[in-house]
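Here's what Swiss-Prot has on this protein:
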type    : residues                                                       : note
BINDING : Cys13, Cys16, Cys36, Cys39                                     : Zn(2+) binding site
BINDING : Pro122, Thr123, Gly124, Ser125, Gly126, Lys127, Thr128, Leu129 : ATP binding site
DOMAIN  : 1-55                                                           : domain 'ClpX-type ZB'
REGION  : 412-432                                                        : region 'Disordered'
Amino acid sequence: MAQSAFMPPTYYCSFCGRNQDEVDRLVTGPGALFICNECIELLSAIIANEERKEAPHAPILPPTLPIPHAIRDHLDEYVIGQDRAKKVMAVAVYNHYKRLRAQAQGDTDVEIQKSNILLVGPTGSGKTLLAQTLARMLDVPFAIADATALTEAGYVGEDVETILLRLIQAADGDVDRAQMGILYIDEIDKIARKADNPSITRDVSGEGVQQALLKILEGGVVNVPPMPGRKHPQQEFIPFDTTNVLFICGGAFEGLEHHIAERMGSGGTLGFGKTIVKEERLERSKKLLSLVNPDDLLHFGFIPEFIGRMPVVAALTPLDKDAMMRILTEPRNAIIKQYQKMLALDHVQLEVSGDAMEAIVERALAGKTGARGLRTAVEEILLDVMFDLPSETDVVRCVITAETVRDGAMPTLIRRTSSRSRAGKQPTTKAS
């Protein structure tokens, strides 16, 4: 009796059999029945899927299919430079959805295989932004997965099938629509084989992941767990056909240009035997990456089967100073425009001098993180200002100069003239 008073009873989920210590929550029903939170989510997903089958479907394919020129023009609004990569992606995406439209209309006399895309380029060159912009333009489900988190099935890490769950979630659970979406796999270069020669230690996050990805890249029905994380035998998997999913893989592939240079005949020359000096390194890298071929990827550590499933390769070039300056101000989502809008919500006008922009670009280039470094630099410069502005209601303008960027001086804050001041008095200036 004493033991039962101090030891609470153990309750089990009537569906999966786990007790209250193994789940987040147990819900009590009539007749001593219990159901855990995970089984509730699973049953809700099953019911919602059945209801979707009975309800009218949203259009699976994009309602309109822009031509390659229109796709490239749209990309130009958001991504600076990378003209060759834009053209390659515009053609590949147009052909992919044109193929799906033909299939939907019953035109199947010739079987056209899909062309997945491999983006090769340094960090911050626009790989992810290109894929995101394409998906947003076409209004198709889009998801991003990180290849570094993937491991071969049976090992600690994320199974390759679970990345498809993100695409289902992006389609609001509509599996049919998700099967026509775009999945971007970032950091794909990190799953390269660790060495040219097979090791006695199993490479579960390198070649093992490449092997596991082959089926979903090629196209076929894959069983996707309805919830990420721990699996249990009672869960019902979601059949997912990847045949019509467009896979875009991207990676920095650091060091790849060295092998391309060796293949071209000399590590120090390119083209007409011209010696490449230090100041020409950026242009050299641009030219070399544009010459990447399957042999280079094989040497980098990718198995032939994986390379064969990524037939479209687009090289993105490193961003130079001029491109970085344009990224700051020209695109629709330009970084300076974003922060000007952010401060405008606090009724403050942000001004950035031309010299300050050059200094921001120099700081980003020194960090070697591409366009991402621009946002980091601006965020650091404006951190204190954005912290204080909501408390200082008399500030009307914030000015960033080159000294602010290079020397760490505080941005100049222009304050509103006090209502008690004489008419016509100029606003006071305060460096804070």
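A Cβ is built for glycine as well, from the same backbone N, Cα and C atoms used for every other residue.
The binding-site residues considered are Pro122, Gly124; of these, Pro122 has the fewest other C-beta atoms within 10 angstroms of its C-beta.
Rounded to a whole number, the C-alpha distance linking Thr123 (ATP binding site) with Cys13 (Zn(2+) binding site) is 47 angstrom. Each residue in Gly121, Gly250, Leu316, Gly370, Ala371, Arg372 lies on the same chain as Pro122, Thr123, Gly124, Ser125, Gly126, Lys127, Thr128, Leu129 and has a C-beta within 8 Å of the C-beta centroid of that ATP site, without being one of the site residues.
The C-beta environment of Ser125 (ATP binding site), restricted to residues of the same chain at least 6 apart in sequence and closer than 8 Å, consists of Gln82, Leu316, Thr317, Pro318, Leu319, Gly370, Ala371. Helix, strand and coil counts under DSSP for the domain 'ClpX-type ZB' (1-55) come to 26 helix, 10 strand, 19 coil. For the recorded site, Thr123 (ATP binding site), the DSSP three-state label reads coil. Sequence-distant contacts (6 or more apart, same chain, Cβ under 8 Å) of Gly126 (ATP binding site) comprise Val79, Ile80, Gly81, Gln82, Ala85, Leu316, Leu319, Gly370, Ala371. Spatially, by CA atoms, the binding-site residues Gly124, Lys127, Thr128 include one closest to Cys13 (Zn(2+) binding site), and that is Thr128.
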